[in-house]
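Worksheet: one structure, shown below.
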């Protein structure tokens, strides 16, 4: 943007338009421990210098506007403005830069992901001087994290509630996702839980449709899990999707789930919104409910490499807003997810402190100051042959969720659940004995299938199914 002539106004300020970089590009700035730091991938329009583009991002996502205004004199811009403090070119790309911006903490309302995102990823993403803009990472300071409740319970509390330790948890999304009656839906839930799964799940778009109203589904699923619990002696759960058209209706469904005594409910946090999600997370902590989070709509936001928001940012936001589980991709299944990048944000979900590691896409060290962790959920196009890789990639603190990989078993739902449970137990035992799951995985599954006809049948059905012929879109 070329500077225009400034005009001396009678009210005592210089009106006009001036380049953003004169105010918002400050390479000498030393970041504070209380600053929120952002790393943006910026693609400027032709002719726009990177310093001006970076400064424009800092300005338009904090205190700036397109022209000088006289009310600037009524506040301290130096105290409140965002600052572009560093710019680096993206290796292998022309006209693309990583721009680092520091935001003073006073710009943001305490405990509000909604407010944080409204500033940092608001109107600036439609700014004409930029061809594309992507938020790659955020550093959330401990002072701001301490204003959030975070996950309702966290990993250790969930394990204590379920009395399940030393292995990943197993789940299954009920299919077909739409069209079943409540009674048939409950039947499928019972069969999967009885067969050995820990959880079954409503799909993200199962809310309250004409073929199955929410209250009927809740009742039949509760009956199914109590019956499965009594027969297996294990604590079971079904993710009852409380997502609704209004926050009031969502809370009504969560209250009914609590009255049924079930252990867990579910929310679609991106389509439902962060305000609704945080409200539900607070209710779940106060009332002893676990909260499973689905990320429906995330790929609209995060899949393009040069524009949008990376999922690691959405994952951090979810940990702040609240959720005990969140879908995170599988690396090996049908959905997008490159290994190093996926493990980078999986660690951001689970660990208390994560070091900066650009090889995994982590731009800043992050200290969560004991905010509870979130279990990553691997789901989408996975089956028994993937079990060794999933166990090796995600470790014990995860949920491995097989929808078609359970319900597609040729002998039915319960045998499908048995096959997955046997495969998981075999992989965990082999790992504990010191065997290498990455190189010996297929051998471990074949050995286990010799004493489990259910697993043998599953191995035969899915022996040729792979999803590795497609390259990941989101790479470093």
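The backbone N, Cα and C atoms fix where each Cβ goes, and this holds for glycine too.
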- Message: Of the residues 76, 370, 379, only one is listed by Swiss-Prot in the substrate site with 123, 173, 177, 295, 327. Which is it?
- Response: 379
- Item | For the binding-site residues 201, 327, the one whose C-beta sees the most other C-beta atoms within 10 angstroms | 201
- Any further residue of that chain within 8 Å (Cβ to the Cβ centroid of 201, 203, 204) of the recorded Mg(2+) site: 173, 174, 177, 202, 205, 206, 239, 241, 266, 294
- Message: Quick check for the class: what is the C-alpha distance, in angstrom and rounded, between residue 123 (substrate binding site) and residue 175 (active site, proton acceptor)?
- Response: 39
- Message: Using a Cβ cut-off under 8 Å and a sequence separation of 6 or more, which residues in the same chain sit near residue 294 (active site, proton acceptor)?
- Response: 204, 241, 266, 267, 268, 269, 326, 327
- Item | Candidate recorded positions 173, 175, 295, 379, pick with smallest Cα gap to residue 201 (Mg(2+) binding site) | 173
- Query: If you count the C-beta atoms lying within 10 Å of each candidate's C-beta, which of the binding-site residues 123, 173, 379 ends up with the smallest number?
  - Reply: 123
